[in-house]
Amino acid sequence: MRNDWTFKEAKQIFNLPLLELLYKAQTIHRKYFDPNKIQISMLLNIKTGNCPENCGYCSQSSHYKTDLQKEPLVDIDTLISEAKKAKELGSTRFCMGAAWRSPLDKDLKIVCQMIEEVKKLGLETCVTLGFLKEHQIAMLKKAGLDFYNHNMNTSPEFYEHIATTHTFDDRLATLKAVRKFGIKLCSGGIIGLGETIDDRISMLLLLATLEEQPESVPINRFVKVAGTPLNPQSDIDPFDFVRIIALTRILMPKSYIRLAAGREQMSDELQTLCFMGGANSIFYGGRLLTTDGPQPEQDDLLFQKIGLEKVQTICH
C-alpha cells in the first residue's frame with residue numbers, strides 16, 4: 001500500500017474515462033473487501049450548537065443564526081438507549097459528536113463514560129470533539145476509544161474560505177496527535193463548498209500520504225443550511241462525485257469509504273455508482289448530526305435491490 005502518491009498521478013487517475021476508473025477502483029476494492037457487504041455506522045449529536053468556530057457550512061456555529069435548537073451534553077441513560085437502538089438496526093459502530101472547539105476535562109470525563117458504556121454493548125466507538133490536548137487523548141485511549149473523527153474538509157489552499165477561527169494545520173496536528181496514541185482515524189471531507197476539482201484531489205492526497213492512512217474516510221456532499229454563509233453557485237456534478245469516491249478507493253485501498261452527509265439528495269442510482277467506485281460504508285438512521293438522511297427502510301430497500309448485506313461483525 002502506497003503513501004507516496006503525487007498530485008500528478010492522482011489527477012491522471014481522476015481524469016480516466018469513467019468506466020475505466022470505476023473498473024480500476026472496483027478491482028482494488030475486491031482485493032480488500034467483500035463487494036457485497038456494507039458497514040453501517042450511526043451518529044448521535046451528544047452536544048448540539050453554540051460552537052465558537054466559524055465554519056461557514058455548519059449550523060452549529062454560534063456565529064450564525066440558524067433554526068438549530070441548542071442542547072447540552074446528553075445524559076448517559078439517553079446515550080445508552082440510542083446506542084442499543086443503533087445495534088438493533090445493524091450498526092457496528094456508534095459515533096458521538098459534540099459541538100466544541102475543544103472539550104473541557106469535566107465534560108470529557110462524561111464522554112469517556114459514554115465510550116465505556118457503548119463498548120459494553122459490543123459496538124465500536126468513534127467520537128468527534130474538536131481539538132484535543134495530549135492528556136485528553138490519553139483519557140480517550142484509556143476509555144477504550146476505537147476511532148477519532150476529525151475531518152480535513154477541504155484542501156489547505158481553500159481552507160481559509162470555509163473557516164478563519166482555526167487553520168488547516170490545526171486540524172492536521174490533531175490527526176497526528178491522536179495517531180500517536182494508537183487510536184484509529186476517521187477523516188475525510190466535504191464536496192461542493194465552492195472548491196475546485198484540484199482542491200478535492202489535494203485534500204484526498206493529504207490523507208493518502210499520511211504515514212498511516214485513515215481507517216475510515218467519510219465523504220460528505222455539501223448540504224446548504226439556511227443562515228450559514230456558504231452558498232456555492234453551482235451544484236455538484238454527480239459524475240465528479242463518483243470520480244472522487246473512486247479516486248479515494250484507489251489512493252486508500254484498505255480504508256472504509258463512507259457516504260456521509262448529502263445522501264438524502266442522492267438518487268439510488270448515484271449511490272450505487274458510488275458503491276461500484278469503492279464506497280462500502282454509510283451513516284444510517286435518518287439523521288446525521290443536524291442534517292437529514294434517508295430513513296432506515298429506504299436504505300434497506302436499496303440494499304435489497306442491489307444485493308448489499310450489512311456487515312455483521314466489528315470492522316477493524
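Note: Cβ is positioned from N, Cα and C throughout, glycine not excepted.
Going by Swiss-Prot, these are the annotated features:
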- 36-260: domain 'Radical SAM core' (DOMAIN)
- C51, C55, C58: [4Fe-4S] cluster binding site (BINDING)
- C95, C126, C186, R258: [2Fe-2S] cluster binding site (BINDING)
Protein Cβ atoms within 10 Å of C126 ([2Fe-2S] cluster binding site), excluding its own: 24
Protein Cβ atoms within 10 Å of C51 ([4Fe-4S] cluster binding site), excluding its own: 21
Neighbour tally for C186 ([2Fe-2S] cluster binding site), based on other Cβ positions within 10 Å of its Cβ: 27
C-alpha spacing of C51 ([4Fe-4S] cluster binding site) relative to C126 ([2Fe-2S] cluster binding site), in angstrom: 20
All-chain count of other Cβ atoms within 10 Å of C95 ([2Fe-2S] cluster binding site): 28
Nearest-integer angstrom distance between the alpha carbons (Cα) of C186 ([2Fe-2S] cluster binding site) and C51 ([4Fe-4S] cluster binding site): 21
Other CB atoms, at most 10 A from the CB of R258 ([2Fe-2S] cluster binding site): 23
Per-residue pLDDT averaged over the domain 'Radical SAM core' (36-260), given as an integer: 89
C51 ([4Fe-4S] cluster binding site) and R258 ([2Fe-2S] cluster binding site), distance between Cα atoms, whole Å: 25
Cβ-centroid neighbourhood (8 Å) of the [2Fe-2S] cluster site, C95, C126, C186, R258 excluded: S41, L43, R93, T128, F147, N149, S216, P218, F283
C126 ([2Fe-2S] cluster binding site) - helix vs strand vs coil (DSSP): strand
Rounded Cα separation (Å) that holds between C51 ([4Fe-4S] cluster binding site) and C95 ([2Fe-2S] cluster binding site): 19
Secondary-structure category, per DSSP, in which C51 ([4Fe-4S] cluster binding site) falls: strand
R258 ([2Fe-2S] cluster binding site) in three-state DSSP notation: strand
